[in-house]
Amino acid sequence: MTIAVYPGSFDPVTNGHLDIAARASRIFDTVIMAVFDRPNKQLLFSTEERVALLRESTRHLPRVKVDTYSTLTVDYVRSVGASVIVRGMRAVGDFEAEFQLAQINQTLAPDIDIVLFMASHRYTFFSSSTVREIASLGGDVSWLVPGPVVEALKRAYGRR
């Protein structure tokens, strides 16, 4: 059984994240979407909120599980018995950062493979920070994020 970990802050989870998770779950037996709990990072949603939103948003993906971690990613991957780290890339700009991160992780843990998924065309142009900015200005993000996230963003920015 192959377990893969898809780490991220998921602040908030987007349809692009869910697309990567769904595609990874067709290849791996289990995909753990691991929410990185970084108290020193400026986040809109708490770790608990991000986990709840992810769980609600992945109910339709039976092979996808949700967890949190606050250690080195490779240490977490080992602790759950996984052998693969899943990452998504939207555009060429992501390649440099993902390449450097992959090199670091492979140096720290040569036994863990890194699998990069290219974002589906319709998800290449936005990120969680783009979603937050649009939502903060009152824009419609329902085409970028799952329903539970739309409602959470409205609450976070005081809109109904």
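Backbone N, Cα and C define each Cβ position, glycine as well.
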Can you pick which of Glu96, Glu98 Swiss-Prot lists for the same ATP site as Ser9, Phe10, His17, Gly88, Met89, Arg90, Tyr123, Thr124, Phe125, Phe126, Ser127, Ser128, Ser129?
Glu98
Around Thr124 (ATP binding site), which residues of its chain at least 6 apart sit with Cβ under 8 Å of its Cβ?
Arg90, Ala91
Cα-to-Cα gap, Phe126 (ATP binding site) vs Ser9 (substrate binding site), nearest whole Å:
15
Among all protein chains shown, how many Cβ atoms are found within 10 Å of the Cβ of Phe126 (ATP binding site), not counting that one?
20
For Glu98 (ATP binding site), which of these binding-site residues sit within 10 Å, Cα to Cα: Ser9, Lys41, Thr73?
none
